[in-house]
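I have placed the structure first, in the form of structure tokens, so that the comments after it can refer back to it.
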Amino acid sequence: MTIYNQSLSSKEYISHHLKNLQIDLRTFKIVQENDSSSFWFLNIDSLFFSFFLGIIFLLFFNYISKKFTIGTPGRIQASIEILVEFINSNVKDIFGHNTNKIIPPLSLTIFVWLFLMNLMDLIPVDFVPYIANFIFNISELRIVPSSDINITLSMSLGVFLLILYFGIKNKGIVVFLKEFFFQPFNNYLLIPVNLVLELISLLSKPVSLSLRLFGNIYSGELIFILISGLLPWWLQWILSVPWAIFHILIIILQAFIFMILTIIYLEMSLEKPDKNTI
């Protein structure tokens, strides 16, 4: 008997929809009892949908690039051009004319990929899990990658590595390390204090990026699940439709905030070193 043939209480229904499809990396078998605390368990549903949406993004933009025309553009091409111009203008506003050539395409990738991940939150709660259960007998499935802290933290760590890379490349390893020891207080006696402050400042960037995105999307997903689990089907639309309309703003806004903060952090890493640093 599948989970959708069972009579679940509201608590069981909500708990069920908050569980990921996991695989045990020690045995490479699907985990029967969901356990988010185990280091060796991998949320393969989050990985699958994030890669799947990434592939859709690449294929779609590759298709549009091949159909690109210099004359009067179609609606899709015009929309893409507006999006690209919007992102380029944001990058130029922050970087000025000294923009690194990797920043605009990186920003576009982050925005569109996160938008697609967040957009999955608008799909009805039971739609994809029911199909997966019917075809593959999968009992647990979550389809919103950005509601998984592992995905948001992974993306933030990628940005963090770029911050370190550009910082070291721009300033040199010696000056980069000196800034840890001699900022904000240019004094040998205050090196321990500087080190603690700089480490907190540096590590707070990926942590804040990941938790902000995760918290907003997870809470949105949870509200959809609560509406679906606590109300009868004929009453769900009264709350779910207005919330979905409002949630569209959150979906776009969170992708935009992640992109803008990434641009700002990378611009900070490319700033010229402080001349007062010892």
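Note: Cβ is positioned from N, Cα and C throughout, glycine not excepted.
According to Swiss-Prot, the protein has these features:
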TRANSMEM  41-61  transmembrane segment
TRANSMEM  108-128  transmembrane segment
TRANSMEM  149-168  transmembrane segment
TRANSMEM  180-200  transmembrane segment
TRANSMEM  222-242  transmembrane segment
TRANSMEM  244-264  transmembrane segment
(message) Check for me, if you would, whether the transmembrane segment (222-242) reaches the transmembrane segment (41-61) - at least 3 Cβ pairs under 8 Å, residues 6 or more apart in sequence.
(response) no
(request) Would you mind listing the long-range same-chain contacts of the transmembrane segment (149-168), meaning Cβ under 8 Å and 6+ residues beyond its ends? (result) 43, 46-47, 50, 100, 106, 110, 114, 117, 176, 202, 205-207, 209-211, 213-214, 218, 258, 262, 265-266, 268-270
